[in-house]
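In Swiss-Prot this protein carries:
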- 5-25: transmembrane segment (TRANSMEM)
- 41-61: transmembrane segment (TRANSMEM)
- 64-84: transmembrane segment (TRANSMEM)
- 105-125: transmembrane segment (TRANSMEM)
- 127-147: transmembrane segment (TRANSMEM)
- 169-189: transmembrane segment (TRANSMEM)
Amino acid sequence: METPALLALAVALAMDALAVAVATGCRLRTVSARQTLRLAWHFGLFQAAMPIAGWFMGQGIRSFVDAWAHWIAFGLLAFIGLKMLKEAFEHDDAECGMADPTRGTSLIMLSVATSIDALAVGVTLSMLGLSIWMPAAVIGLVCLGLTAAGVQLGRVLAASSALSRYAEILGGAVLLGIGFKILHESGVFG
């Protein structure tokens, strides 16, 4: 695969991770370097691992990936998005009781949801007879960088007084929006 095409593919695959990272930065408002690195590392790792897994799965599972990947991604994003919205309306103080999306189950679910498209890319690269190692490394590194930038952008956006109060609502709505976008792109809505 040529370098410009590989970079374009990596950026395209990282767009969901970037949007989730911005939403996470908005939600947390004060983001430590550790939280940024943890989210970026996991998103990048999953984004690199999924095409490798897809490549090894090859043609045998393509019909399953094509049929169910969008539903899996939607379910994970909708679950976390609705959880964020619920927490936004339950707590008067935005910081009170807020779970950190850069830890635990939420982190793993977000990592899977934002990288599941890369699984299908791996299957496709396998069917084309292309090597997976360089594409997987580039995809993971691009995702890591865009995720780190996205978290910081979200933090800056949340610092503005107009957005600060509604950052968690915005974050949940963004996750739901990405989930519905995935369903729309897969043809669920016709």
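In case you wondered, yes, glycine gets a Cβ from its N, Cα and C as well.
Predicted, not measured: the structure shown is a model, and the values here were computed from it.
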Are the transmembrane segment (169-189) and the transmembrane segment (41-61) close enough to be called in contact, which here means at least 3 C-beta pairs under 8 A that are separated by 6 or more residues?
no
Non-local residues, at least 6 beyond the ends, that sit with Cβ under 8 Å of the transmembrane segment (41-61):
13-14, 17, 20-21, 107-108, 110-112, 114-127, 132-133, 135-137, 139-141, 143-145, 147
